[in-house]
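**Student:** Starting off with a structure, shown below.
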Amino acid sequence: MTSPEQLACHLARARARTLRLVDFDDAELCCQYDPLMSPLVWDLAHIGQQEELWLLRGGDPGQPGLLPPAVEGLYDAFEHSRASRVELPLLSPARARSYCATVRSAALDALAALPEDGDSFVFAMVISHENQHDETMLQALNLRTGSPLLAATSALPAGRPRMAGTSVLVAGGPFVLGVDAADEPCSLDNERQAHVVDVPAFRIGRVPVTNGEWQDFIDDGGYTQSRWWSERGWQHRQRAGLTAPQFWRSGGRTRTRFGHVEDIPADEPVQHVSYFEAEAYAAWAGARLPTEVEWEKACAWDPATGSRRRYPWGTEEPTDTYANLGGQTLRPAPVGAYPAGASACGAEQMLGDVWEWTTSPLRPWPGFVPMVYERYSQPFFGGDYRVLRGGSWAVEPAILRPSFRNWDHPYRRQIFAGVRLAWDI
C-alpha cells in the first residue's frame, strides 16, 4: 500500500496544480467558457467537497459537514449539469479557496492518524479525483477565447523521422487483463479484477496518428465522403458541420491552443477528434480502431516473461524519459519522442500525449465490485460511451496505469483525445 508520506506528497502535488489552474481573477473563475464545461470556481469547490465527504465524513452525506446541505448540494455532479452550473449560487473564489484549505488541513491530520495497517485507498481515490478535475479544467481553459492565460513550463524532446504510419505485431494468445488490488492498490473499481483473456494476433500502430496524416485524410475528402463513416457518425458529422479536428482553423494549417494561434506540427499526434471521426479515419486508412482489450495487451503484456509490466517500459515510475505527462507541456510530443517508453511489442507513447479511442463500450470486468464511491463507474455501464486508454499530456503520472479506463460520449471533441490504429492479420 502507498505510504502516508507518498500520499501526502501526491495530495500536495495535486493541490499545487489545482491552485495554479485557478490563479486568475474572480471574473475569470466565475464565467463559463463553454456550456460543455463548468465555471472553474465550481470545479475548485467540488474538489474540496469530495475530499471532505470521503476523507472527513467517511462517505456519509448525512453526516454534518463544513457547508450547509443546500450549499453542498450545488456541487453534486449528478444533480447539476455542467451547462447549468454557472447559474447556481456558488461559493465565491475566496470562499472556495478557504474551504479547500480547511478541508485539506483536516485531511492531512486524518492521514497522519491513519494506523500503519490502515486502508489508505480512499486517499488514493481522492488524489485521483482531484487530478482528473485538473485535466477537466485544462479542457475548459482550452475552450476559452481571448489572450492566453497559460504557457508551457516544460520543453518537449524531438521526435524521430519515419515513425508515422508504422506498426508492430502483437502476438496472439492469452494475457492477464485488468489488475487486482493486491498488485495495484490504488487502482479503481473498473480496472479490477485481473482475469485471463485470449486475444488473436493483430498489428497496432507504433505511434498515434499524426496531424500530417490527418491532413491527408482531409485533403482526400475524408470529411465529405459518407463511405468512410458509420451511419450514426455521418449523421453527426453533418449535423455538427465537422470539417477538421476541433481548434483547427480554416485552411487546416494553423490552430488555436490555449489562446495561442500557431502552425499545426505535422509530426504531433492529432487531438480533439471524436470517436466518430477516429472511426472514419481508420476506415479511410484501411485499418480499424483497437478494442480496449487489444490496447491493454499491446501496452502491458510481456510475452517473454508471460506477465504484465507495471508500465509499458517496465517497473520504473513515469518520468519525462518515458512519457509526456503532468500537464506542463500543454501539448502532445512529436511521435518517436520517447523510445525508452516502448512496450514489449514495440508500441511507443502508449501512456501520455493523447487519450486513444477504442471501439469498446464501458462494461464491468468479471468479478466487478464497486468501490466506496459507488457512482464512479456503475452509472455509466451500458450507456452511450466509448472507452479511451493511455492518458494524455494533461494526466498526472501518479494516477495513470495501463489498466486505467476513461470513457466519454462518441461525439466529444474537447477532450485531449487522438487515435491509434489496429489491423487484423
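From the backbone N, Cα and C atoms, a Cβ is placed for every residue, glycine too.
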**Student:** Have a look through His10, His46, His236 and flag the one Swiss-Prot assigns to the Fe cation site that His129, His133 belong to.
**Tutor:** His46
**Student:** Within its own chain, what residues at least 6 apart in sequence put their Cβ under 8 Å from the Cβ of Arg82 (gamma-L-glutamyl-L-cysteine binding site), listed in sequence order?
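**Tutor:** Non-local contacts for Arg82 (gamma-L-glutamyl-L-cysteine binding site): Pro35, Leu36, Met37, Ser38.
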**Student:** Using DSSP and three states only, what is Arg412 (gamma-L-glutamyl-L-cysteine binding site)?
**Tutor:** coil
**Student:** In whole Å, how far is His46 (Fe cation binding site) from Arg85 (gamma-L-glutamyl-L-cysteine binding site) when you measure between their Cα atoms?
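**Tutor:** Pair distance, Cα basis, whole Å: 11 Å.
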**Student:** Count the other Cβ atoms sitting within 10 Å of the Cβ of His133 (Fe cation binding site), across every protein chain shown.
**Tutor:** 22
**Student:** Return the residue, from the listed binding-site residues His46, Arg85, Arg412, with the maximum count of other C-beta atoms within 10 angstroms of its C-beta.
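**Tutor:** The most densely surrounded of these binding-site residues is His46.
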